[in-house]
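Here's the structure, in structure tokens; my notes come after.
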Amino acid sequence: MKQVEWDDTLWSRWPTWRLVVEEQPGTIEEKIARDQAMGRRVAAGGPPTFRLWVNDPCLVVSRRDIVQGLRRGGDPPREVDGLPIRVRSSGGTAVPHGPGVLQFSLVVPRMDRVGMEEVYRTLCRPVEAVLGQRGWRAEFGRVAGSFCDGAHNLVVNGRKIAGTSQSWKGGLAVPGSRNRGYILAHGTLWVRVDPEQAADWLNDFYEQTIGERPIRARASTSLHLLPGGEGVDVRQVIAETANVLESAMGPQVKLERVRALTDEEISWGREGASETDPRRVAYGVDRP
């Protein structure tokens, strides 16, 4: 079993954290928008937050995906193969959501001497620890042809298992700042996903928007396809991730585990839901 280190992450930087093991219902759009709602709360002085959540089936794309499609002309698609298409605020490229996919989000105040690498390590270390407990060694790396490819993919046995992205908003979250900001990092872990089906969905989207089919099914894998992973499911991975975090935090760090965001965050998520529509993102107004 691989042992992971925590000293090179941000987990000890703040004395209090919030762990959201989300159970409250919501639309696809509201669940996506809740990441930014958490950012608003953290920027205003709320505790840094780690969120574990699952969404209904859809494809979630980045603003970059929308812009690239606009360059070819035509309206951005709102669905592909019957799956809704929605837009997130962080970077990267398209990823599938659904009952076999674990979403994990990290929101911390924007502070001095915090870098992108630290943020990615902080986001992924709990998941990396869970995989290590199950005998799978995960590491960062690019995998050509994988979904949402980047240097901070989580890779097991040469295949991508999780994609990540980041978004930095506002200025430093310090007293007196007029534009207190936050850092949002997001991960998508394939727990029970058919790589062939997922690649078809992603390629159908990209064929409509950029005229290409860049995703290779064999570049990525799912936990249930790894040796010893046959019976794994998302609920198990959520529970194990929460337990890993609670065990890893020393006495100097308080981790508050909750099952829901605040009412204010839920309200902000509803307000921000319309901002996930591809055509609203493309044109700045609602379009049919």
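Cβ coordinates come from backbone N, Cα and C, glycine included.
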Q. Which stretch does Swiss-Prot mark as region 'Disordered', out of 169-188, 269-288?
A. 269-288
Q. Which whole-number value in Å describes the distance between the Cα atoms of C148 (active site, acyl-thioester intermediate) and K160 (site 'Lowers pKa of active site Cys')?
A. 10
Q) Counting across all protein chains shown, how many other Cβ atoms sit within 10 Å of the Cβ of C148 (active site, acyl-thioester intermediate)? A) 25
Q) Counting by DSSP, what is the helix, strand and coil composition of the region 'Disordered' (269-288)? A) 14 helix, 0 strand, 6 coil
Q. When you measure from the Cβ of K160 (site 'Lowers pKa of active site Cys'), which residues in the chain that are at least 6 apart have a Cβ under 8 Å away?
A. V143, S146, F147, D149, N153, L154, A219, S220, T221
